[in-house]
Amino acid sequence: MTRTSPRPFSVRRLPGFTAIAITCFVLLYAPIVTIVIYSFNAGDSVALWRGFSTKWYTVAAGNQIVQEATLRSLVIALWASGISTVLATMAALGTTRARNYRGRTLIYMLINQPLMVPEIVTAVALLIFFSSIKIATGYSGLGYLILAHSAFCIPFAYLPIRARMEGMDLALESAAADLYATPWQTFRRITLPLMAPGIAAGAMLAFVVSLDDVIITEFVKSAGQDTLPTYMLGQLRRAVTPEVNAISTALLALTVLLLTVFFILSGRNTARS
Amino acid sequence: MTHETAIAIRGVSKIFGPVETGLKALDNVSVDIRRNEFFTLLGPSGCGKTTLLRMIAGFETPTNGAIELDGTDITAEPPFRRPVNTVFQSYALFPHLTVAQNIAFGLEMLGRGKDEIKATTAEMLALVRMEAMAARLPAQLSGGQQQRVALARALAPRPSVLLLDEPLSALDLKLRKQMQIELKRMQQDTGITFVFVTHDQEEALTMSDRIAVMDAGHILQIGSPRDIYERPANRFVAGFIGESNFLDGTVLAAGPPARIALGGGQELSIDTADSPAAGQPVTLAVRPEYVLLGAFDAPGSLSGRITNLIYFGTDMHCHLTLDSGEELVARIPSGLSGKEGLETGAIAGVSFAPGALRIVGA
Ligand SMILES: Nc1ncnc2c1ncn2[C@@H]1O[C@H](COP(=O)(O)OP(=O)(O)O)[C@@H](O)[C@H]1O
Ligand SMILES: [Mg+2]
């Protein structure tokens with residue numbers, strides 16, 4: 001009889017691995033699948049199936065409040081992802097272009113602060129901070145929400161950009177300078193094109209994160225500034241209608257689309273360099 | 001014959017970190033690199049070769065000293081204003097540009113006309129035999145092909161000096177030999193001054209017009225491959241370039257010819273005018289191929305016992321212990337190795353080819 005050498009440890013061979021894995025997936029996806037299915041329910045109840053219909057999508061799309069909230073969500077997400085991506089790009093340039101320097105870890109931590117501080121704390125802090133500005137200036141437009149979203153989107157935009165830059169050979173920029181490119185030409189012709197997939201991925205992630213934020217938005221918004229998620233929350237407090245299912249499903253579809261593009265872009269990151 | 005100087009390195013030092021406590025990568029280095037020559041910086045890893053090269057390219061600023069290119073001081077010029085191009089050790093090809101776009105990059109940055117860029121790019125592609133690959137991305141090329149593109153890209157703007165930092169070290173042996181010949185051909189065809197960095201002494205000997213041997217931030221010797229190999233200035237050079245036997249002794253008479261006493265009452269005579277004074281200790285160096293073996297009682301020869309014989313194909317290495325106790329290696333062409341008396345344990349007479357023994361310090 002031949003004895004095979006012991007196989008390396010693999011969690012796959014633990015007893016019950018398959019059962020646990022299936023349970024996890026069911027827990028994760030069953031509610032989502034349910035919401036998607038019931039968004040096509042013809043009846044008024046969220047729990048009783050009365051046949052297939054796209055009626056609730058029509059209802060939601062026709063609801064003026066939903067339209068306004070959607071538009072507001074998109075405006076905020078566009079601004080916030082734009083602002084945070086520009087800032088994150090500059091931060092990534094600053095933190096990856098130099099050789100190791102002191103305080104680097106501290107700077108990473110400061111940039112990633114929104115990931116670590118509990119969101120409710122940031123929300124309360126922003127509420128107090130902005131209300132004093134509101135009193136001082138009298139301004140109460142969307143600017144506060146855009147600023148708040150920009151702030152917590154920075155780490156989400158920063159991480160993919162930094163990952164992309166760290167995979168980039170510093171010698172490429174030296175090579176460009178060696179071939180008579182001025183610092184600006186080097187940035188335009190070499191650094192920026194190589195960073196582009198990371199920047200696009202970061203922007204996409206920031207957009208998605210802004211789009212479905214509830215807590216900070218709920219605290220910072222002024223009257224009449226509901227975004228899609230806070231509108232839905234308000235609806236749920238009163239009565240659960242399949243309209244909310246329809247909106248959730250639409251939001252889910254958009255998020256899945258953006259995240260797919262994100263993964264394709266960040267996949268290309270590693271394949272290229 | 002006079003030589004025009006392309007690059008003059010004047011008393012350059014480089015300290016990384018604080019001046020007092022930092023690491024001294026280069027210590028007061030001076031050298032004139034001549035126009036159109038193939039000049040090699042040779043030395044072990046960490047001796048400062050790359051630092052010196054990066055300083056010529058403009059990526060490092062000297063802590064002290066100055067660098068002149070064709071008579072003008074360029075010490076303060078940024079890299080993009082120096083008519084000097086580099087072939088990087090990692091090649092550093094732009095991954096998002098095709099082979100042709102990589103080669104054209106320098107010309108574009110110099111603002112050359114479209115027609116000229118096209119013509120020069122085609123010429124460079126032909127020079128490195130990469131015409132068929134013009135539209136490929138660097139990731140689609142083999143290591144050897146990337147190396148050629150890096151070379152073509154650096155040559156395209158016709159720099160007055162081309163810097164190459166261990167450009168062949170990532171290639172396998174066969175490809176490396178082939179590229180050595182091609183590089184030398186390109187240098188001769190283009191007439192551009194090449195400054196080549198390597199830690200491989202054989203590569204340096206076969207390709208260079210002149211070699212600077214470096215160690216620990218110093219240049220120890222500058223000379224033609226033949227100078228360096230046959231007249232090493234000191235023990236480090238003699239040991240680093242090729243193989244050498246070293247014998248320690250004491251000067252009996254400065255001569256010429258100098259007489260040197262080795263241990264065990266043995267004596268040698270060297271035809272040299274620059275021996276230290278009588279009574280001084282000296283180190284002698286001799287290449288294994290210049291050690292001659294004969295009958296143990298041949299007149300004027302030392303005697304030693306053969307401790308080991310190693311067959312190498314084209315030649316045979318014969319390890320001996322001299323009567324003075326010193327170890328010595330002789331390299332004997334295979335054709336002569338059948339000679340009588342050449343066996344482990346035998347006593348042999350050891351002599352040296354005329355002029356082969358050199359004094360390399362104390
Ligand atoms: N940027 C740097 N910072 C600190 N030390 C450096 C730097 N570059 C090189 N060195 C040090 O300087 C010495 C010479 O390096 P280098 O010129 O790269 O050697 P070589 O190319 O001959 O192997 C080494 O000890 C190296 O560690
Ligand atoms: Mg080096």
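From the backbone N, Cα and C atoms, a Cβ is placed for every residue, glycine too.
TrEMBL annotations: computationally assigned, not manually curated.
Look at TrEMBL and you will find A:20-40 (among others) tagged as transmembrane segment. Through the fold, the transmembrane segment (A:20-40) approaches residues 46-47, 49, 52-54, 56-57, 242, 245-246, 248-249, 252 of its own chain, all at least 6 residues removed from its boundaries and within a Cβ separation under 8 Å.
TrEMBL lists A:70-265 with the feature domain 'ABC transmembrane type-1'.
Sequence annotations record features per position, and here TrEMBL assigns transmembrane segment to A:74-94 (among others).
Residues of the same chain lying 6 or more positions beyond the ends of the transmembrane segment (A:106-130) and with a Cβ under 8 Å from any Cβ of it are 88, 91, 95, 144, 148, 151-152, 154-155, 158-159, 215-216, 218-220. Feature annotation from TrEMBL assigns transmembrane segment to A:106-130 (among others).
The transmembrane segment annotation in TrEMBL covers A:142-161 (among others).
The transmembrane segment annotation in TrEMBL covers A:190-211 (among others).
What TrEMBL lists as transmembrane segment is A:246-265 (among others). Same-chain residues lying 6+ beyond the ends of the transmembrane segment (A:246-265) with a Cβ under 8 Å from its Cβ atoms: 32, 35-36, 39, 56-57, 59-60, 66, 160, 197-198, 200-201, 204-205, 207-208, 211-212, 228-229, 232.
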